[in-house]
Amino acid sequence: MGQFLPALPEIVLAVCSLALLIAGAFGGEKSTRSISYLALFALIVVAVLVLRQPDATTVVAFNGLFKSDAFGRIFKILILIGSGLSILLSMDWLEREKIARPEYPVLVLLATLGMLAMVSANDLLSLYVGLELQSLSLYVLAAFQRDTVKSSEAGLKYFVLGALSSGLLLWGTSLVYGFSGTTQFDRLAAVFATGPASVGVIIGLVFVAAGIAFKVSAVPFHMWTPDVYEGAPTPVTALFAMAPKVAAMGLFVRVLVGPFGHLLLEWRQIILFASVASMLLGSFAAIAQKNVKRLMAYSSIANVGYALLGLASGGLAGVQGVIIYMAIYVFMTAGSFGVILAMRRNGAAAENLDDLAGLGRSRPGLAIAMLIFMFALAGIPPLAGFWGKYYVFIAAIHAGDIAQAADANLLYAAAVIGVLTSAVAAFYYLRIVKIMYFDEPAPALDASPGRAVEAVVLVSVLVMLVVGALPTTLIDASIRAAKTLLTV
Amino acid sequence: MYEAIAFYGFSAILLLAAVLVIVSRNPVHSVLWLILAFFNAAGLFVLLGAEFVAMILVIVYVGAVAVLFLFVVMMLDVDLSELRAGFAQYLPLGVLIGVVLLVELIFFVISGWTLGPALKSAIVAAAPDAAQVSNTRAIGRLLYTDYVFVFQGAGMVLLVAMIGAIVLTLRQRPGVRKQNIAAQVSRQRGDTVTLHKVETGAGA
């Protein structure tokens, strides 16, 4: 019995989702709202269970397949927050679009379960199973609004490309196993510590990295992102932009820094390339977008680029940078999507940038919230978004100081490009502010988007302001988490 | 001797059937060739002493998956000429990618094919002594003890697949008459049958 305890949060979540599935099947469509509240409650219970695990301990359970440590825990909390916020955002929206069905919150819970399994994976097998559980639930959620062509297209596109990336990941896994003799992370690390890795392992590593890069939608594996973000129902897009990104990023850090940590010099260039390419494409391609959801898709690609810069830096500062970045990113995204969900006119979703015109006068509260999120996304102090970018760039510079000449130059260059692209990105973030406050007003938007959405926006605003002013708690937590990953 | 003959027999038929799956023009024939390929693969597993995997292959793949394929192929109106319309257009690119991958594989098999030092011992350690434990029991032991985490995880994945299929396809159509078994069973004779006395010659 005792050996199951490290996975208690996951087990509780699995049991809760099964129970809610049955309750939903009996309750029918009208029970969706109560199932959503119960799912939210389940997520809170699981979060409490995660927090109650002793902070300093690292436990490996299930014959080495599962690891519970401070690094996984901080990512689990972020994932649970992201999923919870997305359920809150979805409730009114589902009813308004008349697609409220109790399977929605259940699928979100199951996806969350997969994400939790991902970030505490200690073996390539459990990594894959967690990743598939997450992905499969998300494919279904993307196509949830099945009567619209766009949503079906989004689901199908995501599914086909996701299956391809899973194939790449599996092929890489099999190569790594074949050339090192084990799939368990600790043993892999021990094998690679002894000497230079063979070509087979490197090729396997490249494919594993490509598979995960697809899940975080880093360039050059980003093609699906704008279409899926635009086509999927808006609360699902909000979920995509929050929890799975955090989970896949946590997994990326765990895999590359953990078992492949000794091969830092082999994978650093790949990650640096993906990072710089994501920052460039995310910033420049977003300029031409008219649709808010597509804009957020490109914005998320750029944000992944910044987080990957922290990963490429490696070391304590790099991992810390990724954690801080993702923590702040979750709230920036939740708030922005809250505002996007509020954009409705005559009962239909208004998703174009021009629809925001005049928001400063018609809905001043909403406009000031959006202004705060846009400033935070642009990385303007004293808002929280600034700290995310700051720690990532600092990590890259410090890593450059101790790296060898060629790598050092690349890291410095990447940090400089990062700063420049965030200036480019600031253009389109600030343009939204300009549209809201200075453009000819468009017809007014519908009244209140619902109390749940307003609550999410309010919480996100508070986090932006409070973490921006007092980031120490987050920084301390991230250092503790990063240390546990690196000392093993 | 007999084993070698069986091995080459199974392998040759397997390869032939696999090629025919791809090249046959009629999709129904493809599925039938696929079933033949499954049977021969099962034969190979028996030769390896893995009778459990062999039986599972026959039961699951032939019994369920291939039959499902057959249903899908027969039910869906797949227009092959339409599917092949882009074939010639994409052929050069596909061949190019295939050749590049093949060359890379060959190159790196020849240049760097060294198995990990830990691998030999790992392979031996994973397999219990065949004389003491039947391989069905050995698989069961591993699945339900050492790998119970991924086993349950895979179960959740299958559950999600099932929920997904239902969520995306089940429709409650209005105006459809549904069977209500309770109402059918609880029907009394008196509810539906009435006896009328009709006088002779007065019936319409």
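Backbone N, Cα and C define each Cβ position, glycine as well.
A TrEMBL annotation is a machine prediction, not a hand-curated record.
The domain 'NAD(P)H-quinone oxidoreductase subunit 2 N-terminal' annotation in TrEMBL covers A:8-92. The domain 'NADH:quinone oxidoreductase/Mrp antiporter transmembrane' annotation in TrEMBL covers A:121-402. Summarising the annotation, TrEMBL assigns transmembrane segment to A:6-27, A:34-51, A:71-91, A:103-121, A:156-177, A:189-214, A:269-288, A:295-316, A:322-343, A:364-384, A:410-430, A:451-470.
Remark: the transmembrane segment (A:322-343) contacts the transmembrane segment (A:451-470), by the rule of 3 or more CB pairs under 8 A.
Within the chain carrying the transmembrane segment (A:269-288), a Cβ under 8 angstroms from the stretch's Cβ atoms is held by residues 206, 209, 213, 218-220, 222, 256, 295, 298-306, 308-309, 311-312, 407, 410-411, 413-414, 417-418, 421-422, 424-425, 427-428, all 6 or more beyond its ends.
When DSSP labels each residue, the domain 'NAD(P)H-quinone oxidoreductase subunit 2 N-terminal' (A:8-92) comes out as 67 helix, 6 strand, 12 coil, counted as helix, strand and coil in that order.
For the transmembrane segment (A:451-470), same-chain residues at least 6 beyond its ends with a Cβ under 8 Å from one of its own Cβ atoms are 85, 88-89, 91-93, 328, 331-332, 334-335, 338-339, 341-342, 366, 369, 372-373, 376, 381-387.
Outside the transmembrane segment (A:34-51), and at least 6 residues removed from its termini, the chain residues within Cβ reach (under 8 Å) are 8-9, 12-13, 16-17, 20, 23-24, 27, 73, 76-77, 80-81, 83-84, 87-88, 90-91, 102, 104-106, 108-109, 112, 116. Among residues of the same chain six or more beyond the transmembrane segment (A:71-91), those with a C-beta under 8 A of the stretch's C-beta atoms are 9, 32-33, 36, 39-40, 43-44, 46-47, 50-51, 53, 55, 104-105, 108-109, 111-112, 115-116, 119-120, 234-236, 238-239, 242-243, 246-247, 250, 253-254, 319, 323, 326-327, 330, 334, 337-338, 341, 450, 452-453, 455-456, 459-460, 477-478, 481-482, 484-485.
If you average pLDDT over the domain 'NAD(P)H-quinone oxidoreductase subunit 2 N-terminal' (A:8-92) in this model, you get 92.
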